[in-house]
Amino acid sequence: MASVGLQFQASAGDADPQSRPLLLLGQLQHLHRVPWSHVRGKLQPRVTEELWQAALATLNPNPTDSCPLYLNCATVAALPSRVSRHNSPSAAHFITRLVRTCLPPGTHRCILMVCEQTEVFASACALARAFPLFTHRSGASRRAEKRTVMVEFFLVGQDNGPVEVSTLQCLTNATEGVRLAARIVDTPCNEMNTDIFLEEIIQVGKELGITPTIIRDEQLKTKGFGGIYGVGKAALHPPALAILSHTPDGATQTIAWVGKGIVYDTGGLSIKGKTTMPGMKRDCGGAAAVLGAFRAAIKQGFKDNLHAVFCLAENAVGPNATRPDDIHLLYSGKTVEINNTDAEGRLVLADGVSYACKDLGADIIVDMATLTGAQGIATGKYHAAVLTNSAEWEAACVKAGRKCGDLVHPLVYCPELHFSEFTSAVADMKNSVADRDNSPSSCAGLFIASHIGFDWPGVWVHLDIAAPVHAGERATGFGVALLLALFGRASEDPLLNLVSPLDCEVDAQEGDNMGRDSKRRRLV
């Protein structure tokens, strides 16, 4: 499905399915609400109204189902009729699966997505995941004509009018962000090294009229970024810290998105085995998601100061590699004894969040990373893990995930019990836990938080996306939709406002009893 152009249109028009194959997709109760007059022009002369009604009658989703309408040129597919409380009402993961398996082949195709207005954003992002951009298959390079898929939404429920032009533009930018992130993650390190990743950042900056700040190689050492420098100094392509900054007039707060961009993770001298190293090109998934989300957020209009911070390095093996027992001085001013060079992501992120706090003056810091293998055990393949110093923002992340399809579930936040795992006799802390059975994903996040301080009055959110960053052999672009939804209230776009997790309810006794300031509640 490479090299597919994805187009969102208010109306895809009518066409014989033999010349333009068609997939009709939605929950069964929604499909029954589509009048024949709306689909007739997309199905005739191959499919009659009687056949259409008969196909709907045969569908029995458990959890999904599909029925061919005409050869392999037209198909109707049903999503789950109900989802559990920890899933998205859009059933986003099933949308991606059904598109991959049920969309008829062809050069120019059409998808009619039937859903409610509140599910449009999540559905569009799920559709985008089915069409990855990166491929080196020789057949794709020989294909002369670019394939296109037109997507039309038919809205049911209260807001069942036509999709507005502003919504289509938002969907275009959001899905381009998802596919950009997935392309970067899918690209192997011999083509997506730190230099090339910087070119991606520079290109996005040029598109937005922003010149990035770049600190790299020996400059990192000179300026005190011991975490990023220590992780990446053994690689042929040097490490870098890059920042894209959007500072509009009238901004009332400063937000920083910090992404882990390990373009390849061998594990360093604590080297990974032959079965665990393949796939480590995906260790830049956090930075890729931040880049895709930043591009879409600024294009849709962002009202507050927004900084995208990219912590780029390759964790390589070489004569200059960091050794276990080495001690690094990080940008926070704290020293770290290295007891595991394969726990490198937290080192680069520690420098990134420290920079966001000290130099950017951020009120809200979100770091996103493929940080721990234990995340997949803790919250599974579909739900990212969230760790935060705010009960309200924890609830907001979960709610945003359900609204956008990038699902999230909380980790235990208890630094007074867990941070002792990093105790060192010779430095401020070690970089890896003493007991790997004691909530290691939470501990990894707490390591990052310690470099801005557990008593920091702002909002800190850590998102571990190690498992959902890919599905099988393909990247998902996970995190782009989540960031756009989580900060939807800061956007000028009505659709992002709609998916923003407003008015999250939390138990006041569970929340912020450490003297936080009021800024932490301004977006949710």
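Every residue, even glycine, has its Cβ placed from backbone N, Cα and C.
In the structure as shown, the Cβ atom of Lys272 (active site) sits within 10 Å of 15 other Cβ atoms. Taken from Swiss-Prot, the feature active site applies to Lys272 (among others), supported by sequence analysis.
The active site annotation in Swiss-Prot covers Arg346 (among others) and is backed by sequence analysis. Neighbour density for Arg346 (active site): within 10 A of its CB lie 27 other CB atoms from the protein chains shown. In this structure, Arg346 (active site) is part of a helix by DSSP.
Sequence-distant contacts of Lys260 (Zn(2+) 2 binding site), defined by Cβ-Cβ distance under 8 angstroms and a gap of at least six in the same chain, are Asp283, Cys284, Gly285, Gly286, Ala287, Cys311, Gly345, Val348, Leu349, Gly352, Asp367, Met368, Ala369, Thr370, Leu371. Residues or ranges marked as Zn(2+) 2 binding site in Swiss-Prot (evidence: similarity to another entry): Lys260, Asp265, Asp283, Glu344.
What Swiss-Prot records for Asp265, Asp342, Glu344 is Zn(2+) 1 binding site, and it gives similarity to another entry as the kind of evidence. Long-range C-beta contacts of Asp342 (Zn(2+) 1 binding site), restricted to its own chain and to partners at least six residues apart, with a cutoff below 8 Å, comprise Asp265, Gly267, Gly268, Ser270, Ile271, Lys272, Asn315.
All protein chains shown were included, and the count of other CB atoms within 10 Å of the CB of Asp283 (Zn(2+) 2 binding site) stands at 26. Ranking the binding-site residues Asp265, Glu344 by C-beta neighbours within 10 Å puts Glu344 at the top. Listed in sequence order, the residues Val231, Ile262, Met280, Cys284, Ala313, Asn315, Gly345, Val348, Ala369, Thr370 complete the 8 Å Cβ shell around the Zn(2+) 2 site centroid, once Lys260, Asp265, Asp283, Glu344 themselves are left out. In sequence order, Val231, Ile262, Thr266, Gly267, Gly268, Ser270, Lys272, Asp283, Asn315, Thr341, Ala343, Gly345 are the same-chain residues whose CB sits within 8 A of the CB centroid of Asp265, Asp342, Glu344, the residues recorded for Zn(2+) 1 being left out.
According to its DSSP assignment, Asp283 (Zn(2+) 2 binding site) is helical. In the three-state DSSP reading, Lys272 (active site) counts as coil. Under the three-state DSSP scheme, Asp265 (Zn(2+) 2 binding site) falls in the strand class.
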